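Taken verbatim from TrEMBL:
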- 338-347: compositional bias 'Basic and acidic residues' (COMPBIAS)
- 353-365: compositional bias 'Low complexity' (COMPBIAS)
- 19-316: domain 'ABC transmembrane type-1' (DOMAIN)
- 375-606: domain 'ABC transporter' (DOMAIN)
- 335-365: region 'Disordered' (REGION)
- 15-38: transmembrane segment (TRANSMEM)
- 70-94: transmembrane segment (TRANSMEM)
- 143-163: transmembrane segment (TRANSMEM)
- 169-187: transmembrane segment (TRANSMEM)
- 264-282: transmembrane segment (TRANSMEM)
Amino acid sequence: MTTLLRILRFTRTLAPYYVGIMIAAAIVTAAGLAVPFITGRATDVVVDAVSSGIAGDPAAEAVAGTVGTVLLLALALLAVSLVEAGIGNVGGYWGDVMSAKMRTILSTRYFEQLLALPQRYYDDELTGTIVARLNRSISEVTNFMKSFSNLFVTLILTTVSVLAISAWYYWPLAVLLAIAYPVYFWLTALTSRRWQRLEGEKNAHVDVASGRFAEVVGQMRVVKSFVGERRELNAFADRFARTETLTESQSRHWHRMDALRQGVLHLIFFGLYAIIFVQTVTGRFTPGDMVMLVQLMAMARQPVTSLSWVVDTAQRAIAGSKSYFEVMDLDPAAVDGGGERPVEPRGDGVGAAGSAEADAAVGPGSAGAGAPPAIAFRGVRFGYGDADEVLAGVDFAVAPGERVAFVGESGGGKTTIMSLLMGLYGVRDGRIEIAGAGRGLEDLRRSIGVVFQEPALFSGTVAENIAYGRPGASRAEIEAVAARAAVDRFVDQLPDGYDTVVGERGIKLSGGQKQRIAVARAMLKDAPIFVLDEATSALDTKSERLVQAGLEDLMGGRTSLIIAHRLSTIAEVDRIVTLKDGRIDEIGPPAELAASGGIYAELLALQASSARADRKRLQDFDVVG
Ligand SMILES: Nc1ncnc2c1ncn2[C@@H]1O[C@H](COP(=O)(O)OP(=O)(O)OP(=O)(O)O)[C@@H](O)[C@H]1O
């Protein structure tokens with residue numbers, strides 16, 4: 001019940017539609033209720049004419065009057081039916097508009113909530129599950145609201161009218177009906193709890209299957225290359241087979257209860273019809289009364305059966321929207337697990353704000369020596385969720401305009417540092433200061449241009465993908481950055497040039513082409529801080545050199561953090577930060593670290609070696625010569 005109230009509250013802007021649909025339903029019901037009276041009256045007129053003998057004498061004047069009366073009554077039936085059809089369709093139209101609006105409300109609010117949820121939420125969720133949940137909730141909640149607003153007034157109006165009319169004619173009829181309704185309702189409610197639980201279990205299986213389904217479709221190449229089709233199909237079919245078993249038990253329960261409900265109902269209606277027939281024979285009711293009451297009883301069944309329909313759709317809506325509202329109820333801050341995001345450096349001088357170690361890290365001779373750092377990590381500790389620490393106290397500072405490369409073993413936390421920099425996760429301890437972070441996460445992220453390890457494009461065109469970096473950029477601007485990122489080298493060979501559709505996540509492009517588009521996208525953003533996470537790892541040496549030239553040009557004057565996989569690229573930065581066991585091992589200019597005997601020196605030595613073991617060790621650092 002609370003879920004239903006919640007749906008109503010959630011969609012309260014649709015109240016005028018609910019009311020409109022209810023009014024239309026009320027008119028249709030009232031018109032329907034007039035039918036038994038009209039046919040009852042017609043029966044009495046006809047029976048009178050037949051029993052008085054005038055019906056056999058077409059010449060008699062009385063016949064003309066009677067014919068006039070019955071024709072009028074037939075006309076009344078026509079009028080009532082036309083009102084029913086006309087108003088019924090107006091209500092139907094409102095119902096359709098209401099459903100479309102409800103779809104908009106439920107979808108956009110869900111999407112809005114998803115966009116507000118932190119990265120941590122997506123680490124544990126499957127895309128297909130998120131989509132399946134939305135689709136189910138929309139269709140089931142909409143169905144329910146439509147049938148509810150259509151049937152609610154009809155139910156109330158029919159029930160009250162039928163009870164009042166039957167009480168007026170003969171009170172035992174009303175008493176029997178007054179027993180029928182609550183008993184039926186009670187039996188319906190009894191089935192509900194178990195039904196809902198089973199529906200929830202079914203939904204969970206469908207969600208898991210849909211989640212995997214979307215993943216498989218999105219990564220068909222992996223599935224095919226590992227001959228995983230049969231495995232995936234079996235796992236998928238298995239989930240649905242489990243829903244079949246659950247449906248069997250759910251449906252058995254439902255129909256058993258339904259048979260019981262119907263049995264009780266038929267017994268009560270047997271009593272009602274028996275009373276009406278006997279009372280007509282004994283002269284209490286006229287034949288017209290009997291026809292009217294029999295029709296009325298037929299109408300009295302409608303609320304009862306409608307009630308079970310409403311309960312059925314309500315159950316589906318409750319079960320279907322449960323996981324939807326679970327997502328809507330999530331508090332982004334709580335999901336996030338807290339932790340400080342990057343903040344604007346304090347205005348009271350660098351030394352006062354942070355540790356001496358961090359500030360000392362601003363390299364001598366770097367562009368901003370002496371100036372407040374553009375980026376500073378101060379005793380930063382971090383781990384994903386409740387897992388072990390990935391960063392166990394990281395301190396460094398980057399001067400404005402400085403280029404810093406990060407080197408460390410694979411899984412050592414380089415990408416994690418970049419994620420923390422963008423405020424995708426909060427730190428466990430310590431503090432990150434970034435010039436430009438002061439006014440919240442959006443400002444922070446606007447001030448950072450990033451090329452991710454995975455280029456991750458959208459399904460639009462090449463030009464649209466580049467323009468994602470700055471919506472509204474002109475074609476000339478797009479083509480200018482494309483040239484800097486060496487996109488122009490391959491775009492002419494694509495069927496529609498910059499207007500070529502790249503497929504889901506850019507599947508129609510090569511890894512290197514995707515990376516170049518991702519670089520162009522970040523270039524177009526034109527942010528003061530630049531983050532490159534293995535941005536050119538998929539490029540061959542020649543293309544990389546081309547892109548690198550564009551990047552060099554772009555990085556001039558910008559603070560840049562680079563995770564590079566090529567030692568030659570690393571050698572050209574201002575300083576190198578080496579990571580070991582979640583901490584910083586060394587910080588210094590390449591020339592200094594080359595001689596220090598640390599990780600970077602080791603990498604250089606390994607590079608010079610042709611021994612197999614040495615090449616292997618180099619791979620552990622995601623580094624090539
Ligand atoms: N979203 C996540 N949830 C949980 N653990 C994660 C997540 N992302 C990374 N990790 C873990 O954090 C550690 C550091 O990962 P990170 O991606 O930062 O390493 P990296 O140094 O960038 O590695 P590589 O050079 O291979 O890209 C790894 O042990 C990884 O398993």
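Each Cβ is built from the backbone N, Cα and C atoms, and glycine gets one as well.
Taking residue pairs at least 6 apart in sequence, the transmembrane segment (264-282) and the transmembrane segment (143-163) share fewer than three C-beta contacts under 8 angstroms. Distant neighbours of the transmembrane segment (264-282): 170, 172-173, 176-177, 179-180, 183-184, 187, 289-290, 293-294, 297, 300-301, 304; these residues of the same chain sit at least 6 beyond its ends, with a Cβ under 8 Å from one of its Cβ atoms. Per-residue pLDDT, averaged over the domain 'ABC transporter' (375-606), rounds to 87. Under 8 Å from some Cβ of the compositional bias 'Basic and acidic residues' (338-347) lie the Cβ atoms of residues 353, 372-373, 376, 382, 420-421, 423, 425-428, 430-438, 441, 444, all in the same chain and six or more residues away from its ends.
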